[in-house]
Amino acid sequence: MKLSIIIIATSLVIAVVAFPSKDSKAIENDKTEQRMEIVVQETARACSKQIGNKCKRNCECCGKTVVCGTIYVGGKEVNQCMDKTSDNAILNGLGKGMNFIENTFSFCV
């Protein structure tokens, strides 16, 4: 008898702790929404640079799989238009697919 009361009481405590009220969730979401900021990283513009040219944004590079990537030359960071991601043909194909997806979400005109 005492064991069944302990089991029921424990179950009720777990249920109360595990399922917070809807009101507290709404308050937490409201606070989160107040702190959120929208950051626009890409600006819509037509492409003007070919593979190998220096760039600042993906939209500047012409080509469906061409992105503005970072390479290091003599210890300095250089951004340039590129589409090759690897010397391995399989990895390069996957990289071009990722570049295509990245360009799709860049919203370039």
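Including glycine, each Cβ sits where the backbone N, Cα and C put it.
Of the listed residues C55, C59, C62, C55 is the one Swiss-Prot pairs with C68, by disulfide bond. The disulfide entry in Swiss-Prot for C62 points, among C47, C59, to C47. Candidates considered were C81, C108; Swiss-Prot assigns the disulfide partner of C61 as C81. Among the disulfide-bonded residues C61, C68, C81, the ones whose Cα sits within 10 Å of the Cα of C47 (disulfide bond) are C61, in sequence order. Cβ neighbour density within 10 Å is lowest for C62 among the disulfide-bonded residues C55, C59, C61, C62, C68.
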